[in-house]
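What TrEMBL records for this protein:
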| type | residues | note |
| --- | --- | --- |
| TRANSMEM | A:12-33 | transmembrane segment |
| TRANSMEM | A:39-57 | transmembrane segment |
| TRANSMEM | A:64-81 | transmembrane segment |
| TRANSMEM | A:87-104 | transmembrane segment |
| TRANSMEM | A:113-130 | transmembrane segment |
| TRANSMEM | A:150-168 | transmembrane segment |
| TRANSMEM | A:175-193 | transmembrane segment |
| TRANSMEM | A:224-246 | transmembrane segment |
| TRANSMEM | A:258-285 | transmembrane segment |
| TRANSMEM | A:297-316 | transmembrane segment |
């Protein structure tokens with residue numbers, strides 16, 4: 001029974017579910033809930049980005065741009081034009097998917113770092129537009145966003161809800177909703193990884209030419225996964241906009257793209273648990289550096305560099321391999 | 001009308017010369033090690049900010065510049081030794097991220113040591129501008145252009161006439177073969193990073209009197225230099241120079257005739273167009289991949 005659980009491909013999802021739903025049992029402070037919800041949003045974003053980086057071996061230096069389109073499209077459509085939030089979110093995702101396809105399709109026929117250049121450029125152009133179209137976006141000062149609502153039911157951090165007779169304050173409700181969304185995002189990603197698409201991607205990562213030789217249409221699969229990861233970012237951007245109630249162009253900046261990529265590589269490429277841990281670690285880093293804020297940039301850069309030099313697979317897979325090695329060794333001796 | 005055009009052209013060529021030097025720095029490192037060095041812009045920052053800091057200690061300008069350039073070269077060599085060399089068999093993605101990390105790290109240290117303020121570096125030779133056909137040309141622009149030209153000529157001579165230069169070229173063509181004929185490739189890689197840092201920091205300090213300098217100017221300059229290098233064709237020296245000037249001029253024209261807010265978007269739109277329609281850039285070599 002235990003053996004079967006260990007070998008089950010989704011076992012970590014159960015572990016993750018236990019962790020995310022255990023958190024409300026030990027956490028009271030609304031500030032912590034705000035943090036936890038933000039972490040869940042960003043974790044779901046990097047789970048999507050990981051499909052591209054970890055499985056297809058392609059790097060995007062402009063994912064914050066897609067996140068930004070999602071956030072600003074939702075913000076403007078719902079707040080300025082009164083669209084229903086779910087519709088805005090879906091249309092934003094479609095727009096982002098289209099942009100990613102138009103950019104990715106021709107670029108991904110090329111090899112190497114061309115996608116990183118192209119995504120960098122797209123990300124910058126999006127950030128520049130958001131910064132300069134102040135009448136629509138509020139420019140560098142940012143803009144307020146209406147709370148999320150569905151068929152007249154409104155989700156706000158300041159609301160009060162009841163769930164099977166239990167009173168649930170708004171910040172807890174947001175956290176629970178986001179925890180479920182994160183789990184869905186992870187399960188979806190795992191299914192993509194285990195699908196023929198996922199197998200094709202891994203073959204591309206291994207050797208693109210070998211993959212092409214056995215008939216894998218590499219450019220098509222790469223652009224497909226690029227589009228999927230961009231849509232992940234867009235949807236999470238939309239959710240973040242509604243959750244935080246106020247957005248600034250910083251969420252679409254090049255720096256933020258780097259933060260996203262760092263989360264993926266820090267925690268562990270090609271490992272959903274790893275990238276979630278990466279998101280947790282990086283999001284909590286400023287809290288640990290309280291009092292040393294001026295060193296934040298330097299520490300961030302150092303961590304990024306050192307992880308890539310000494311643990312190019314990221315810390316989660318490295319740790320798992322280490323533990324497995326130990327177990328095997330002790331098992332062999334026994 | 002014409003004077004306006006001339007003015008934009010001067011501005012464009014000046015800033016384009018800086019981009020060209022950054023792009024050349026990219027090219028040298030790319031050729032020697034196939035690393036795209038995202039920390040290239042930090043060399044420009046160290047050039048400018050280092051000069052400001054050393055002048056603040058009461059050191060005369062000329063020596064302050066020399067010290068700042070030396071500092072940048074040291075950082076460049078340290079980057080290769082401590083960050084690139086240990087990650088020997090890393091793939092391209094990993095190397096790109098290492099250099100991004102290095103760039104953030106260097107910026108973070110600069111922010112702690114030198115502060116967040118913007119600084120002005122005095123012009124090398126007075127502020128009296130030259131008038132030419134109705135347009136105004138800063139003397140500092142002349143400095144940028146002449147120093148840029150000297151550096152490019154020196155580089156050409158270095159790579160074609162000296163043994164060390166040819167050793168670098170040899171390593172970039174075939175590392176193993178270079179090793180077999182006795183080239184110490186590790187030395188060559190260090191040298192490439194040092195040389196690239198030298199180019200970057202000199203560019204940084206010569207352009208600083210025109211553009212101001214601060215701890216965070218590196219990132220955008222690096223990206224522009226990168227665009228210039230890709231525009232010309234990654235790995236081509238001629239391409240880097242042409243790409244740099246072209247990018248500078250197009251940017252200045254956009255700022256002058258269309259919208260200064262969108263001038264930065266031009267660089268990034270150009271790179272997309274190049275990637276879509278001629279991915280090897282203007283002068284890039286055809287690559288054949290061995291499986």
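Just so it is clear, glycine is given a Cβ too, placed from its N, Cα and C backbone atoms.
Nobody curates TrEMBL annotations by hand; they come from automatic prediction.
Quick caveat, the model's predicted, so the values are computed rather than measured.
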Which range wins on Cβ pairs under 8 Å with the transmembrane segment (A:39-57): A:12-33, A:64-81, A:87-104, A:113-130, A:175-193? A:175-193
Which residues, given as numbers and ranges, are at least 6 beyond the ends of the transmembrane segment (A:113-130) yet have a Cβ under 8 Å from it? 58-66, 68-69, 72, 99, 103-104, 107, 137, 226, 249, 252-254, 257
Can you tell me which recorded stretch out of A:87-104, A:258-285, A:297-316 has the most Cβ pairs within less than 8 Å of the transmembrane segment (A:64-81)? A:87-104
Applying the under-8 angstroms CB criterion, which one of A:87-104, A:175-193, A:297-316 scores highest with the transmembrane segment (A:12-33)? A:175-193
